[in-house]
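Report on the structure given below.
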Amino acid sequence: MKSQLLSLAVAVSTISQGVVGQEPFGWPFKPMVTQDDLQNKIKLKDIMAGVEKLQSFSDAHPEKNRVFGGNGHKDTVEWIYNELKATGYYNVKKQEQVHLWSHAEAALSANGKDLKASAMSYSPPANKIMAELVVAKNNGCNATDYPENTQGKIVLIQRGVCSFGEKSSQAGDAKAIGAVVYNNVPGSLAGTLGGLDKRHVPTAGLSQEDGKNLASLVASGKVDVTMNVVSLFENRTTWNVIAETKGGDHNNVVMLGAHSDSVDAGPGINDNGSGSIGIMTVAKALTNFKLNNAVRFAWWTAEEFGLLGSTFYVDSLDDRELHKVKLYLNFDMIGSPNFANQIYDGDGSAYNMTGPAGSAEIEYLFEKFFDDQGLPHQPTAFTGRSDYSAFIKRNVPAGGLFTGAEVVKTPEQVKLFGGEAGVAYDKNYHGKGDTVANINKGAIFLNTRAIAYSVAEYARSLKGFPTRPKTGKRAVNPQYAKMPGGGCGHHTVFM
């Protein structure tokens, strides 16, 4: 007994002096993390308290949102930072950056009939321009897609294959004075041009139904369009929050993230307060355990304006530092009211878009989580249009979960997941109604447990996980530019 007490005293003394790496106080006496134990620490009351806190940050300011650089988002960043710092378990930092904020509104009419349009962020302004409408072939991604008489006209373009910014640029190169992009799936269309570009023309988004109707009208006669776009621009200082466990192997980092900002229209509690609080809840639960591999949590800023925060972070890492990140997990909208359990298609089997080596294994891990509980799931297109984009471009394996946005649920999906057919996964997507009341408690609880399941697995061991290649390409078939699922973090950001 005496020798055991002496050993204990030496261990405590050594830890208190900070000799054992960066490990937090009490680390040797914590149990090793397991999937079951970490999942059991996840409580719905903690999750809901978190999303209610984010709602309060939005409610506290006249803007009623948490858009990057605004007061609601500043409160969000400070709270996340302070909550993690207080655990003593993490090294926490705020990564400062400056990005251009843009807010735009559009009004559109065709042959005197008003249409419901959304201006693309970073669109050039348009002061009630009036012109004949022409239709681009294919998806408007190439110069040959534009009619010879495009000059001086407004051009109608179908969504898909290339980014909104590229479509706007191609329209500008063809001498169009405006562009209208319509959806290739049911529902309205909102998005961003990704930044300012002198090639861009005033650009608005339109629903699939309205876009098809306009194309039919052009085919049978002349259509005159009036377009008005009001755009505001402002440089804003903002921050990512990065928290890495003090313990664990820092040369084998398991990384996961969620964007912490909202759109201008509302508080963004599902998009993406759900993902932000999901990983926050897991981060707090993880403090009860020790682990073998370091875990790094990230809350990204300015995702809604073109993945700006995550791109800034990845660009700040040289190859040596990024190689320490063995995989990246992304969680964007995990509490949709009319949800479906969707897993990024890392192996490309559903959409012919593969992630870097290891992405398939991440997909299989999440499939196992649902399968073990007898729960249905489906793939969602792994297009690289969320905060994992910058990671896969540098060959970091990636994956994650998503419960749906503006795309409507089918009768077949209702048989799997319940809910209501013909209604969007999240009817309040990118709207003022995206509040705490918009959250499906069952979905957010289940998906947060899935986050815990994956973190525990990889924090314990990366044995058998594929070695990352030095170079790699993701196979992309343009026919799959039409994506089910939709939403922030999938295909509305750019395409």
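Every residue, even glycine, has its Cβ placed from backbone N, Cα and C.
Matching His250, His259 to the Zn(2+) 1 binding residues that Swiss-Prot gives (Asp271, Asp332) identifies His259. Residues Asp271, His430 are recorded by Swiss-Prot as Zn(2+) 2 binders, and the candidate that the same record lists for that site, out of Glu244, Glu304, Glu412, Glu457, is Glu304.
The least crowded of the binding-site residues Asp271, Asp332, judged by other CB atoms within 10 A of its own CB, is Asp332. In the domain 'PA' (124-218), helix, strand and coil residues by DSSP number 24 helix, 27 strand, 44 coil.
Here Asn235 (N-linked glycosylation site) comes close to Val98, His99, Leu100, Trp101: these same-chain residues lie at least six apart in sequence, with C-beta atoms under 8 angstroms from its C-beta. Counting other C-beta atoms within 10 Å of each candidate's C-beta, the binding-site residues His259, His430 are led by His259. All protein chains considered, the CB of Asn142 (N-linked glycosylation site) has 14 other CB atoms within 10 Å. Proximity note: of the listed recorded positions (Asn142, His259, Asp271, Glu303, Glu304, Asn352), Asp271 have a CA within 10 Å of the CA of Tyr429 (site 'Transition state stabilizer'), given in sequence order. Among the recorded positions Asn142, His259, Asp271, Glu303, Asp332, Asn352, the ones whose Cα sits within 10 Å of the Cα of His430 (Zn(2+) 2 binding site) are Asp271. Checking Cα-Cα distances from Glu303 (active site, proton acceptor) against the recorded positions (Asn142, His259, Asn352) with a 10 Å cut-off leaves His259, in sequence order.
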